[in-house]
Each structure stands twice: as structure tokens, then as C-alpha cells.
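To start, the structure itself, in C-alpha cells.
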Amino acid sequence: MKRVWLGLVLCVWSGLANSAEEGGCASHNTCNACITAPHCQWCSSHVIGRSKCVHNEQTKTEGWCDGTPVVMNSSYRPTHAGTEHSWLLPERVKINLRVREEVKFNITYRRLDDYPVDLYYLMDLSNSMRDDKENLSKLGDKLAAVMKNITRNFRLGFGSFVDKVAMPFVNTHPTKLAAPCPDCVQPYSFKNHMPLTTDTDLFSKMVDQTPVSGNVDHPEGGFDALMQAMVCTKEIAWREHARHLLVMATDATFHMAGDGKLAGVVEPNDETCHMEKGEYTHGLIYDYPTVAQLNRQAQNKSITLIFAVIKELEKVYQSLVDNIKGSAMGTLSADSMNVIELVQGVYEKLVESVQMTDNSESKDVSVSYRSRCIGDSGELHGTDTCPQIHARENVTFEVSVIVPKCPPNAGEIWNETITISPNGIVENMVIDLQVYCGCPCEQEGSPGYEKNSSSCQNHGDKKCGMCSCYGDYTGQKCECASDQFTKKESVDACIANDTGLMCSNRGSCICNVCNCTRRQNPEEHVYGTYCECDNFSCVRFEGKICGGPERGHCDCGKCICNPGWKNEDCSCRDTVHTCRSLENPKELCSGAGDCHCGSCKCHKGHSGQFCEDCMTCPDGRCKSIARCVEYLAYNIEEYDKELCDPKNITIVERKKHIKEDERVGREKFCRHPDDSGCSFVFTYEEFDTGFIIVVEEEKQCPAAVDLLGIIFGVIGGTVLIGLLSILIWKLLTTVHDRREFAKFEKERLQSKWERGDNPLFVQATSTFSNPTFSGN
């Protein structure tokens, strides 16, 4: 019996759900509104008044349309499969798409080995980097040798920067401008000393021969140099089919957009190449670029930015890396001697993972990715990044494409081109997107369009089986004029049976048809047979209806969430991939938290984006590398070569003090005891190629215990306490005796008896009188 009732409930619920969906379609009174609503199709009837918008399910019923159906369905078709040398398969696809409908398809990424690499080394050559320049010139050949082990097709280039040649960035006094420091040349904004070339010997020579310069303030003009190095493709000699690496080495912060105003440079950066004879010529014409401009050009040119900076600037440049997609940062030692390990480590990390990027953000198109590369479950997880990919290994991504709304004046068909590419790779796949934004029968000249139609009483045009009336005429057939608007018989069909309200109090009834009120905001619409629906009364999230068009849209008072979002207000991400870290992709929130709406809610004692930090937990990684760090930092004798060499530990800096709350990025804090009772403090960052370590200069050891001092102190303390006790006892007894003696003396002086009387004597007999005795 329970099963019967359950079945009935499910049937009723299903019927209500279908009815709601179909009712949602029925509320759209024009073909354009119908085909831009998900899962709706239009029936353009030859008889005025019979045209209708119906749900897809109704189109499966024979005879659902007595006229001309306007059926537009989303579809996907590969148009170019690709070749064995393609990074992405297929290379080109064609998608026909309905608004707010989703199309999914698979693409395959294949990591090709021995892919060409262009590495351009951009160096800060202010005077503080003099030692670093000398060391780089010595390491040029070694850097080339290391990169040639990765790819045989390698080219190297070199450029340098200082700052804009104007106060207050440099000293413009003639003598200081000519020689801002000893053995320095005149300052400049950016110079391309050596375009990309296979002649690595020339690299060392050019670095060695390039003199340093000087400026006044601490920030440098690196942003100008980065922009020119990216947009000057011909001058730098970037190859089209190669991985592009742009390494910027500096020991200072950066000037950014707006700082140029200090020197009277107010024109925004135009993101255009301005190089003559290898030097940037428009430094005093255009301001420094914005971070967004650098990010845009890095994506457009498929260039991976690598910032090699000193330890003190990690926080500053980490914030920069967070806003430039696909960029990376490494810690540069004080003398830049670790630059080879830094570049090699960052490069290997880049090539062993893939991050899909696209240009959909500027196209009003939403593109998302899912893959099975994270975790061992084999399930699809929402992610655009896959780690630990080996050469010739294939990784499949499921791509989802959705258009939240058509842009203004899009016309019947909106054509757009979307490109998807692996970050840092020029190769891409192309999506030829065709979005249905209108009905053909609403366009003049089409078979379903009749101008000044007799079906509309010659008072309007017939479009897709509906009348579009002229001027003050209205009604299904444009049969009503303005003087008929107030007639009683013209309002009966405008009253909804369930509410009893005419046009839901949000419109006027004109000739038995509700004319819904127009809103001041052109984006807001009231619609439906009885004006019962609108697209602005839904719940809001962060001040936006349904969280904004990228999350969902409002249809008849209810939020319809885009794929990947859920909840009544579309506020919650319907994914868990953002709760998995690349370092620990198998566990949600590192196993120390709960994934809620795509964000980690950490358990007590844990913190971090992925709950990866725990101040009170023992770190197994600290313990595993502590002995090796101790040997390298403090030269102890017990060095286990077999244990430590594979870990590839590099100490990049020694600091006097390391504080736990001053960690940067992925740094982990460790405090480890040694065998002598001391402890040492260090931080580490783990990469695929090894560990980067920052360690305290000296161990923290407790002061030595003075045993004799403690013994003699205890004895002396005991004797002293004994003597003090005796003295206090003697003092108290003396005071007490003196008080008693004084009291005795006082009593003696006050006595009044004779010398022969004893005041203590008591008579042996006692006499009593009887008061009632009369004497007889």
C-alpha cells in the first residue's frame, strides 16, 4: 500500500514538474522570446491566435503544431580532427547553440616531447644587481646545457631594464644622468640586448658586456619591459610554434599603472611595440601597463611569465602571480647563483601539468572543464588543470559551453569564435559558435513575415503567426483601437481564474489582451498571458539577481541556475574540484575539512585554501628532510648521501630569525630537535624537482646547566633559611618576655597590701546570716 501511495506522489510530482516547465514556455508570447528560453519550441500557426510556445516534450506528440514549427536545437560537430602533431584533438568544431542550453564535448590533450622552447631572460640592471649580472654571465652556458637536456630545440635571449628616465624615478641632473653611480651608464627604460638565438655563447658575452645603471626610488620599471618583451614579437624573435618563457629577475618591487603621473606621463599604455634599435622609445609617452594588460598579452601571445625574486619580495610578487594566469614565481638567492635550478624547476613544473585557457570571458560565453585526471576514482571532476602528465600521455577534458544571453542587436544568428589552448602553448583548438538569438520568421523578407497583413486587419505585420500591431492598435488581430480600451467586454479574458486580478495588477487589459507594464530598466521585463511572470523578482546573491548572468537567470520568479551552480539563488558552486589541491588531489580539503559550495570549511586547527596548514600537527615532511637540512646548514658529520641526494635539497637563504606567521605562498614551517638537545628552524617549499629551503643561521639551544651553582645554591639557601628561622624565633621570644616582665612590674607597683599580709591567703571559716531569724 505504501508503494502505491509513493507511486502516486511521484506521478503527481512529476506531472507538476512537467506542467511547470511547459507553463514556463507558454508564458512567452513571441517567437524570439520562446527560442531564447531553454527547452522551448515555437509553433507558427496560419490561424492568428493559435501560435504558441511549447516545451520540447510536447513536440514529440503527433500534430502538436497545426502550422509551421520553428524548431531550433543545439548541436555539435567536429570539422577538423587534427594530426599526430596536434596538441589538442579535435582541432576545430562547429556548435549550434540555444541560449541558456548546454553543449558538452570531449577534447584530448597530448603532451608532445622535444617541443621547441624560447627563453627570454629579462634582468633588472640597476646597481644593486651588479653581482647577480656577473654570476649570470658565468652561468649562461650551464643554463643552455640544462635546457637542451629538456629539448634539443632551444633558443635564448637577453634584455634589461631600469626605469623611466624622468624625475622622481631617476636623477635627471646632467652629471647624475650621465653616470648615476660608479661604472654605470645612463639609465634607460628597456633594452633588447640579444634577440632569441641558438648562440648561447653570445648570451654569456652580452650579459658580461652589458653595464649596470642606477635610479633613485626603490621600485623599478619592469612592467614597461615586460609589455615590450611580449608585444614586440619580431624584435624579440618569438617563434610561433614554441613554448615561450619570459623570466624576469629583480631585487625590487615594480611601478604600475598610475605611477607615471608622478613624471607627467598620463597616457594609458597602448599595448603596442615601440622599439627602435633595440630600445623602448615611448617610456615618457605611455604610462606603465596595468596587471590586467600584462595578463591579457601573456594569454594572447601564449607567454609564461616567471618571476625570479629575492626572499623579501615573495609576498609582493605572489600577489602578482595570482592575477596573471599561468605565471610562476621562484626564490632567487642573494647572488643569483641558483637561477639555473630555479628556471629548471619552474619549467618542469609547467610542462608536467596542463591548464586549459580560453577567450570566453570577453565573448559573453561560459566555458567550463571537467576531467578524470584528479584522484583515483575515475569520476569526472570540475577542473581546468591536470598535474603529472608524462610525454606522449593523453588527457581528456569534457568541455561545457553555454551562452547566458544574446548580446544586444545580435540579430537572428550570433556568430562567435572561441579558442581553447593549453597555457603557454600557441597551439589551440577553435570553436565556431553559432547562437540562435532570433526567429527567421520575424525578419522582414522571410516566408513567415507578412507586412501590413490582412490577417491583422491591415493594422500590423504578421510575424511567426502573431500580429505586431501599429500605433495605438492592439489585440490578437490588431482589431482594437484606442477608443475601445475601456469597454467592459474587453477585460474579461484578462482576469486570471486563480487570482481574480486583472493582468496581475501589472498591466492594462486592452481588447481582451494584457498589455504588461514596461519597466524603466530595459533589462527588466513583465510577461505572460496575465502578466504573471517577470525576470527580476527572484532572490538575489551579492546584490545580483540569481547571482548574476554567469550563475543563472530569473524566469517567472524562479532562478534557473547555469550548469555548475545550484541553490535557490544560484550562490553555491555545484563542484568539488576547487576543494582539491594539486599537491594532494585525491583528498577533498586535504582530508581536514568539508567542501561546501566549492570552498573548504576547515576543521578546527587547520587553515589555508585547502586546509593544508596545521599549526599544531606534526609534519611528516619536516621529519623526513630535517637530517639532510641539518647537514647542509650546519655541517654535521652524519650525512646520509643515499638518503639526502635524491631529495635534491637547495638552501637559498639563511636568516637570523624565521617567524611562523611570516610564511609566503606554499612555504611550510618546521622546528626540529637534534641529538644534542638543540633545535633548528627552517621553511621549505616542495617542487617536483626537489626542495627549496630557508634556514636560520644558528640553532636554538638551551643555556648549559650549572650543577655546582645549583648545589651550593640549595645548601646556602637551606642554611640561610635556618638562620633566619632561629633569628625570627629569638626575636619573638625576646619581645614576648619583655612584654610579660613589663606587665609584672606594673602590677607590682600597683599593689596596696602590707608587707606582712599575703594577698593570696583565704580564711578557713565562713559566716552566714539568716534574715528570718528573730533572735530567739
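Note that Cβ sites are derived from N, Cα and C of the backbone, with glycine treated the same way.
Where the annotation comes from TrEMBL, it is an automatic prediction and has not been curated.
Here is what TrEMBL records for this protein:
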DISULFID  C34-C65  disulfide bond
DISULFID  C232-C273  disulfide bond
DISULFID  C373-C386  disulfide bond
DISULFID  C437-C441  disulfide bond
DISULFID  C464-C503  disulfide bond
DISULFID  C469-C478  disulfide bond
DISULFID  C480-C494  disulfide bond
DISULFID  C509-C514  disulfide bond
DISULFID  C516-C531  disulfide bond
DISULFID  C554-C559  disulfide bond
DISULFID  C556-C589  disulfide bond
DISULFID  C602-C611  disulfide bond
DOMAIN    622-706  domain 'Integrin beta subunit tail'
DOMAIN    730-776  domain 'Integrin beta subunit cytoplasmic'
SIGNAL    1-19  signal peptide
TRANSMEM  707-729  transmembrane segment
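Projection of TrEMBL feature records onto the structure.
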{"residue": "C34", "record": "disulfide bond", "Cβ contacts under 8 Å, 6 or more apart": "C25, H28, C40, Q41, W42, C53, V70, C439"}
{"residue": "C232", "record": "disulfide bond", "Cβ contacts under 8 Å, 6 or more apart": "N192, C273, M275"}
{"residue": "C437", "record": "disulfide bond", "Cβ contacts under 8 Å, 6 or more apart": "N32, T36, V99, C406, A410, G411, E412, I413, W414"}
{"residue": "C478", "record": "disulfide bond", "Cβ contacts under 8 Å, 6 or more apart": "C456, Q457, H459, G460, C467, C469, Y470"}
{"residue": "C503", "record": "disulfide bond", "Cβ contacts under 8 Å, 6 or more apart": "C494, C509, C514, N515, C516, Y530, C531"}
{"residue": "C559", "record": "disulfide bond", "Cβ contacts under 8 Å, 6 or more apart": "C538, V539, I545, C546, G547, G552, H553, E568, D569, C570"}
{"residue": "C589", "record": "disulfide bond", "Cβ contacts under 8 Å, 6 or more apart": "C579, C595, C600, K601, C602, F610, C611"}
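Across the range of the domain 'Integrin beta subunit tail' (622-706), the DSSP-based residue counts are 23 helix, 30 strand, 32 coil.
According to its DSSP assignment, C480 (disulfide bond) is in a strand. In this structure, C559 (disulfide bond) is part of a beta strand by DSSP. C503 (disulfide bond) carries a helical DSSP state (H, G or I). Neighbour counts were taken at the CB atom with a 10 A radius for the disulfide-bonded residues C469, C514; the maximum falls on C514.
Here C386 (disulfide bond) is compared against the disulfide-bonded residues C65, C441, C464, C480, C556, and the shortest C-alpha distance is to C556. Rounded to the nearest whole angstrom, the C-alpha distance between C554 (disulfide bond) and C65 (disulfide bond) is 28. Taking every protein chain shown into account, C65, C373, C464, C480, C556 are the disulfide-bonded residues, and of these the Cβ with the most other Cβ atoms within 10 Å belongs to C464.
Over all protein chains present, the Cβ of C273 (disulfide bond) has 17 other Cβ atoms lying within 10 Å.
Ranked by CA distance from C65 (disulfide bond), the disulfide-bonded residues C373, C464, C480, C556 have C464 at the top as the closest. Checked against C556 (disulfide bond), the disulfide-bonded residues C373, C441, C464, C480 differ in C-alpha distance, with C464 being the nearest. Annotation for C441 (disulfide bond): same-chain Cβ neighbours under 8 Å, separated by at least 6 residues, are C31, S44, T68, V70, P447, G448, Y449, K463, C464, G465.
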